[in-house]
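Straight from Swiss-Prot, the features:
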type	residues	note
BINDING	566	L-isoleucyl-5'-AMP binding site
BINDING	610	ATP binding site
BINDING	906, 909, 926, 929	Zn(2+) binding site
MOTIF	58-68	motif ''HIGH' region'
MOTIF	607-611	motif ''KMSKS' region'
């Protein structure tokens, strides 16, 4: 017996079957660094224009987590795909370096020393801390295979950036949008600073619940409510913040609600009629009598008395009073609530909030001086009980605002702060118009979400009582407290920040005399004693002005950005602050499109938590599976919802990755001896090869469309389906005989090889944005003669949609052929089950078809037998089908007869033939294989 295996054209490639990603990826990173693959990618693009994805800066604190990995990989997929499509899309990564988390870490490190250190010394430590984690995170992001200008990132603590932020504040001042006033804002007593809306999280919290009566001793009560004795009249409120009662200034009722006077014992109590039953249940009053009804508007102006202080609490009107809970009469403390504050302004009430920064009552607060608000809660209740004005007491668990940093409950506290006024220059309406008209929101529900947030938000409190940030450039009169912040002067100071080695440290290191303009006098009192404002800017203003510091300034960018991409929480964060900052100073939004992704959760859909023990770190996955699997995970799911991750999910993706890799390896192995000179033009290819290339080209078009629409899960599924279904299970299975058994330089083999090469190059381009390491590795193993002369797969020039496509008529014919192939497989199955044949190659198939189908089948010529992977195939008229021929339910125009093929199996190609041994030198070979070996045929 001869060894005919050596005569076959078997696959040959050095591309390794085993990915060994954890070892190979670092090698690839070094290659990319050495070759400047990112620069090569950018230099090769630009034919389609520019595309700007502006990076939302992660906070320079700690190692990266799965949310960071998801976000950066998504951005990398977009940047790479846009460049490969011909857009010059450069990626400038950024870091958010100012703010409370870093300052608190440094505070902890410094301990008591911080109290005696000058501000610039503390800021230096904060800067060093941020630099440390910036470098750590940069390495971790690069390990993910993310391309970008890593050596030239934007950093919010860089002098040029700080100057831009201060300059934008000056621009707001110039337009009258910057104001300073005393208003209630979110305040964290633990961190001792104001908080923005975006810095507040809502969690369940258990609070005291009290019903309190306010004596109504106003003589006019008898006129408004005949029969009610003012000496025994009360109006009842309900609150979950007893500590705010010392600051009560009024009781609010709704002008359009009906109220009732309820007699219990000898006292009269006013509550809303719609809440009467709930109140009676809370008070545990079995016996009572409703003695009067009155509209809320009629109660306005009556003077109640504070429940434990000798001062009036007038009854006022407010539309925000509801009948959802309580009594319909609302305790009003203008120093501790936005709505209370607005009511206080309307009625001229005192905006009273006698608290220290750490939440302790000042000495002027009778009964509770020196107590924290939480210490005061039980003491207030005790006082109410003592004076006889506590009607009911309990506990309630409700959603309550907490500090995003320390996770402790926050309060509303009226303090003097700096604000961006939402109604000045029509900022709110302009922002709402831009949301509706000028921005594409992906997913679309993002539009309504941010619209509602902007529509109902208060003025933006931008001041913080901390050190680590951009200072609010303003002077305060030491004589009267008035602020001075001339816009031109503010912008001049900003330019000094830009020139200073450490940016806005200039504010802290420079003598006051060098900052105050000569001869400046207070416009309010005429004084000339000034001090610097010590508040810093909200970090959301800091990052929100990145469009001015980066998008407008960096030559590789352009305003407005094409895309902002962050987690869905940024509708209240960076998307929000960036929109207001840009609309406020430019009149237009800073972005054309906004794309959001969900949160990473565990395999059961639970939020990741250290306490639960379900946190998965990116580095763990990289160490076990490689970054490539993490990238594939990002592309495999619809990231616009919350994204699950687990070992089971990753293992499935490892299998999917292996199938894609093995397909690439097979394609590489079968083109090792192909050259540009031996390639076959598309028009001259065998029909099956043209169809396969058409399938791959259509998949390529779908993949490119999916990249354009940010639907990366469609990229993955299309690529995976191409490898598994169209190639491995169909085309490559059919092709093996032609590739292995045909003469090396035959048209049949070169046609197939050309198709495989074209398909491989489409696949490499399509997979590169997602499977970056593997695409580069595959590209490196493409035979040198066939590989484009570029240093990286990412430097491939953009091409139009490939012309390797069939017309609709040809496609329809192939769809019919595939259907016939499927039906034929069904017809063979009974013989396989019975053991009569072991493989489809053991069969002789006769297809009986009507004239139309018969013509389609015969049009494939010699490829037809190969396509069905049988040893012999005939096509005959449907009318000639024997009675026992298999009948197709799907194709009535087709019947199939299957029998065991006659003859012997060719030792070289394994096809059964009745004509073995036509050449005495090769007695076990079929005529085709004999012709190949003797050089007389293909």
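A Cβ is built for glycine as well, from the same backbone N, Cα and C atoms used for every other residue.
With a threshold of 8 Å between CB atoms, the same-chain residues lying at least 6 positions outside the motif ''HIGH' region' (58-68) that come near it are 95-97, 99, 101-102, 105, 129-131, 133-134, 136-137, 140-141, 567, 599-600, 608, 615-619, 645. According to DSSP, residue 909 (Zn(2+) binding site) is assigned to coil rather than to any helix or strand. Distance between Cα atoms for residue 566 (L-isoleucyl-5'-AMP binding site) and residue 929 (Zn(2+) binding site): 61 Å, as a whole number. Around residue 566 (L-isoleucyl-5'-AMP binding site), a 10 Å sphere centred on its CB holds 22 further CB atoms from the protein chains shown. Annotation note: residue 929 (Zn(2+) binding site) sits in a helical segment as assigned by DSSP. Secondary structure from DSSP puts the residue listed as 'ATP binding site' in coil. Geometry remark: residue 926 (Zn(2+) binding site) versus the residue listed as 'ATP binding site', CA distance 68 Å. When secondary structure is read from DSSP and collapsed to three states, residue 566 (L-isoleucyl-5'-AMP binding site) falls in the strand class.
Taking Cβ-Cβ distances under 8 Å and a sequence gap of 6 or more within the same chain, the neighbours of residue 909 (Zn(2+) binding site) are 737, 740, 741, 926, 928, 929. A simple way to gauge crowding: the CB of residue 929 (Zn(2+) binding site) has 25 other CB atoms within 10 angstroms, across all the protein chains here.
Apart from the site residues 906, 909, 926, 929, the chain places the Cβ of 741, 907, 908, 910, 911, 913, 916, 925, 927, 928, 930 no farther than 8 Å from the centroid of the site's Cβ atoms, the recorded Zn(2+) location.
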